[in-house]
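One structure is given here, and the rest of the page talks about it.
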Amino acid sequence: MSAEVSHAASQILASGSERDPSYNDFSFIPFLRNSFGFGLACDVPVCKAYSEGHCPLGPACPDRHPTPSRVTTSTTTASGLAPSTTHGSLVCKHFLKGLCKKGLKCEYLHEYNLRRMPECQSFSRSGYCPNGDDCLYQHVREQARLPPCEHYDRGFCPLGPLCAKRHVRRRLCQYYLAGFCPEGKGCADAHARWIENLPKPSIRVEKTEEELERERILIREEQEREKEREREWRSERGRGGGFMRGRFRGRGRGL
């Protein structure tokens with residue numbers, strides 16, 4: 001047996017050709033390509049007839065038929081690179097685990113970008129995530145959830161760091177302050193909105209560490225009670241128990 005394995009290995013090494021890590025060997029790839037247009041190369045052009053409204057070839061068309069949800073709205077990603085495919089706004093979950101077999105042909109984004117990842121549910125509920133820094137989802141701090149301060153956006157907030165709202169540090173556009181900015185909405189600086197009768201800013205109420213710890217304990221206790229109720233409910237179902245079990249006794253004959 002070992003001689004056969006050694007002979008097969010020597011043949012592979014003697015061939016000198018590496019196997020192309022393509023995923024076209026799967027039997028269901030032609031069905032996905034013909035039915036949904038998945039797996040097409042990045043350089044395949046978009047069908048002009050389909051873009052105008054109708055393609056007579058339908059699924060048999062060799063060009064791409066992108067749906068509105070799959071069309072990329074920007075030409076670059078957050079890292080400054082061009083999106084690899086039409087799904088440039090979503091991160092490939094298999095790529096994050098090192099298990100994506102499509103490579104450059106993948107319809108999703110192959111880069112680790114926290115701005116495009118969903119929010120961590122565990123961190124948002126209790127302020128604690130068991131995965132810590134290794135978590136692949138966003139950990140949004142409570143300070144980041146505060147609305148922006150209108151007074152600070154206009155140029156000055158009298159409360160400063162004591163303000164209950166968030167102070168977003170952005171440079172005001174000098175052209176916009178002078179009356180006109182040629183960049184419009186695409187300007188990198190801030191265009192202050194001069195809203196009259198702004199509400200008076202309020203002082204931020206900071207919680208002590210003891211209060212925050214009590215809130216975390218209450219959240220954990222509520223989660224434990226919820227798990228206990230679920231375990232009791234599942235155990236009742238396993239024993240065949242019900243709401244009216246053992247409480248109903250029908251009348252016998254002759255009564």
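The backbone N, Cα and C atoms fix where each Cβ goes, and this holds for glycine too.
In Swiss-Prot this protein carries:
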COMPBIAS  221-239  compositional bias 'Basic and acidic residues'
COMPBIAS  246-255  compositional bias 'Basic residues'
REGION    221-255  region 'Disordered'
ZN_FING   41-68  zinc finger
ZN_FING   91-113  zinc finger
ZN_FING   114-142  zinc finger
ZN_FING   143-170  zinc finger
ZN_FING   172-194  zinc finger
Counting only residues 6+ away from its ends, which parts of the chain sit with a Cβ under 8 Å from the compositional bias 'Basic and acidic residues' (221-239)?
125-126
DSSP-assigned states of the zinc finger (91-113) in counts, ordered helix, strand, coil:
7 helix, 3 strand, 13 coil
PLDDT averaged over every residue in the zinc finger (91-113):
78
Helix, strand and coil residues within the zinc finger (172-194) as assigned by DSSP:
8 helix, 2 strand, 13 coil
Secondary structure content of the zinc finger (143-170), with strand meaning DSSP E or B:
11 helix, 3 strand, 14 coil
